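The feature S-adenosyl-L-methionine binding site is assigned by Swiss-Prot to THR138, GLY161, ASP183, ASN230.
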Amino acid sequence: MQPSPTHRASFSIGSEAAARRVVDVLTEVFFEGDAAVAAFERPDGQWDVTLHFADAPDQAWLRELVVNSAGNEIADTLAFDTVEAKDWVKASLEDLVPVPAGRFVVHGSHDRDRVAPNKLKIEIEAALAFGTGHHGTTRGCLLLLDHVLKSSRPSNVLDLGTGTGVLAIAAAKALHRAVLASDIDPPSVRVAAENGRLNEVGHHVRVIRATGFAAPDFARAGPFDLVLANILANPLRHLASPMARHLAPGARVILSGLLTHQAPAVIAAYRARGLVPLRHLRIEGWSSLLLRKVG
């Protein structure tokens, strides 16, 4: 007997931030197993969002959901079709080649055996492409982490806004030390913890749900001598003051998730709290910053 086809809904959206927002809504609405949600960036900067269903969805209801979360213009791109039954996540990721970043290589399970043995392998098999290494912000953070590790071995690391957990996993693999990771989004907390276990650093990476630095875990675990935060420009600016309070003297901070034209404002916010910029990487229109706390 032939397996039943998979029902697919897909639409396009104009930015990573907008894609994150709508994917957050979709993953909250659908129970795990009811629908699988994926988002991938195209070469032109647009993001394709797809949902796969075992049973045909209510198209009118789903269109209304997309209108409410992304607007009429985005909903106009919504299309429905059926595809042959297969491991569609694996198929989607087959076009994503391993991404080298210094000593690190981020890859999917389909490329597990293609990575050189002298590299620190980070396997990310998430339903979402945020933080798989194929975005310039993730690669920039990994390159700056590699740079930091050439001259120091941080002993207390925080990955703020961990997403898939890729940065926390990288730090844990390189340092063989405990790393605290946090995210505001419950599905991201779950995915990051799962990825930590997949990469055999689950005993080093502790993932918590938190908004900014509000959770008491940060005060208990700090001060940190390395913080990684790959989020967005506005949250980064607002977090400058609380982050500075949780840093050890001389701590390094790696920031990304900001467009290149947004970097000066972010740098200014952190300079006002006693952090000086050391390096600035620009990849595909995105900036990644390395700063140091003076004192």
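In case you wondered, yes, glycine gets a Cβ from its N, Cα and C as well.
Between the listed binding-site residues, namely THR138, ASN230, the fewest other CB atoms within 10 angstroms of a CB are found at ASN230.
Taking Cβ-Cβ distances under 8 Å and a sequence gap of 6 or more within the same chain, the neighbours of ASP183 (S-adenosyl-L-methionine binding site) are GLY161, THR162, GLY163, VAL189, ALA192, VAL207, ARG209, ALA210. Counting every protein chain shown, the number of other Cβ atoms lying within 10 Å of the Cβ of GLY161 (S-adenosyl-L-methionine binding site) is 23. DSSP classifies THR138 (S-adenosyl-L-methionine binding site) as helix under the three-state reduction.
According to DSSP, GLY161 (S-adenosyl-L-methionine binding site) sits in a coil region rather than a helix or strand. The binding residues for S-adenosyl-L-methionine are recorded as THR138, GLY161, ASP183, ASN230; their greatest pairwise CA distance is 16 Å.
Mapped onto three states, the DSSP output places ASP183 (S-adenosyl-L-methionine binding site) in strand.
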